[in-house]
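Reviewing the structure listed below.
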């Protein structure tokens, strides 16, 4: 029987000093025998997805204490990728994932907490906490802040749904008036919550449902809706039960590594492919699998992406469907239900809320559920009132979207495409693979051949696109923006947004060893591995080279001979210390980012640390 970890600092005469300090935090005599539950909150006033979380940790804490536990809350950092986008701030986004993972580990282990509630929401916070949970392997449950309501703007007598990406695209469109841009800016992000499309934050929160580490509805229940409060309260009660099952009944099935098994990771990427999730999820799932000790690789993602269909298209893949619409169609449990009926799901994996995922689907998938409370739960609608207050409205749709032929969620027979929403491409320019979000690519350009227009940084690429250097038929190549080369693997949302604003969204491709925002659509291929700074062939591309992209056959190729590539590689190596570095790029890289670059690995392994460099 495992002993409560907290007994290390709460039991025995020699711990009188530690108990004195615990008492100073408010603990009393009867508390020292209870499980100590850490609450990792990520409240910050910098990020709309986190601005409403300030009091929610204590909401969870009260439920923990009512259920017989002791709750101790702490905070970790959160970076807003949208605000950090397009300038040096984006260098810090991906590295913050590792800092978040470390900070949670530090706090939980330093204070010997028994279990963990992760209150996350946005792009790097959920992945960072997920990595920490799998590293710590103590009972853990995730509850996110929830998605933002979609924006709506009235323009020329039309009500137009929109989101953050629309603001970026329209701002760079010379045909849009200042008045229209201002109206969109003021309407694009109306409430607290993670941005309203199937961007990285919402994708990751949905994937925690598939991994079995969060409650049904975690990924899709709006931040503003009263129903989300139920998830926070249930998480507080549930974590005490999980802790007691492990420490008092020796039930190891409640541990994160038992739940997030290889089969669960297969379910997560199947969901990702089916819902056309952000390409960043690939990076984060690979990193999480590494922490879990699960041998889940790009080859597994490639394998799954070839036979799982695209069952759901959400902004940015389509302009008028947002996460609130997915919720109305039954949320993530209903997408998983369709995968299950297609024979594409591992049903027998445990979750934090049910004995098996299959059992959970029987209750929560609206196509097979019988509980009126479940139907009512998925009728939760946007309130339509700008606010930064959580749980501030209780509006309901009149009816659910249960149309699996033409609705937001489709069944396999009526899939948007039998090819999934994500694909891994391989070739001489990306020998270890690269990722494209096919759900956001018009099928007319799934096969594309163009001339390379090469840039050594995102900033130069933006200047080239807005300066009209890039023309229809070009393949924009942005290199030395990988985890090591950036450093920090910047997102390329501005380049793709500016291509759209120039009307080139279906006329050009973009290839990078950096990554893309979940808000990106178009023929945008990222995570090219190995990256340029680690000797990848993307560093050898020259202006005017022909690049061939073939999504159906999962192929990408630089149309030069092996001999020519070898010649270019030899010429690069001959540069000595200047080899595999960007030419004429001026960029201030802080000591913190240099330390990150020294240990990070390429995108095909999740950009995790190479700890062999520090192990003795």
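Placement of Cβ uses the backbone N, Cα and C atoms for every residue, glycine included.
Every protein chain considered, the tally of other Cβ atoms within 10 Å of the Cβ of residue 517 (active site, proton acceptor) stands at 31. Taken from Swiss-Prot, the feature active site, proton acceptor applies to 517.
Per Swiss-Prot, Mg(2+) binding site is recorded for 81, 123, 124, 491. Its Cβ placed at the centre, residue 81 (Mg(2+) binding site) has 28 other Cβ atoms within 10 Å. Classification of residue 81 (Mg(2+) binding site) by DSSP places it within a helix.
Within the same chain, residues at least six positions away from residue 195 ([2Fe-2S] cluster binding site) with a Cβ under 8 Å of its Cβ are 48, 49, 82, 147, 148, 163, 164, 189, 201, 202, 518, 519. Swiss-Prot lists 122, 195 with the feature [2Fe-2S] cluster binding site, giving sequence analysis as the kind of evidence.
Same-chain residues at least 6 positions away in sequence with a Cβ under 8 Å from that of residue 124 (Mg(2+) binding site) are, in sequence order, 78, 79, 81, 93, 94, 96, 97, 100. Under the heading N6-carboxylysine, Swiss-Prot lists 124, citing sequence analysis as support.
Among the binding-site residues 122, 123, 491, the ones whose Cα sits within 10 Å of the Cα of residue 517 (active site, proton acceptor) are 123, 491, in sequence order.
Other than 81, 123, 124, 491, the residues of this chain whose Cβ falls within 8 Å of the Cβ centroid of the Mg(2+) site are, in sequence order, 79, 84, 90, 93, 94, 122, 200, 201, 280, 517. Around the Cβ of residue 491 (Mg(2+) binding site), the number of neighbouring Cβ atoms within 10 Å comes to 32. For the pair residue 491 (Mg(2+) binding site) and residue 122 ([2Fe-2S] cluster binding site), the C-alpha distance works out to 15 angstrom. The Cβ of residue 122 ([2Fe-2S] cluster binding site) lies under 8 Å from the Cβ of 42, 47, 49, 50, 78, 79, 80, 81, 145, 194, 200, 201, each on the same chain and at least six residues away in sequence.
There are 33 other Cβ atoms within 10 Å of the Cβ belonging to residue 123 (Mg(2+) binding site).
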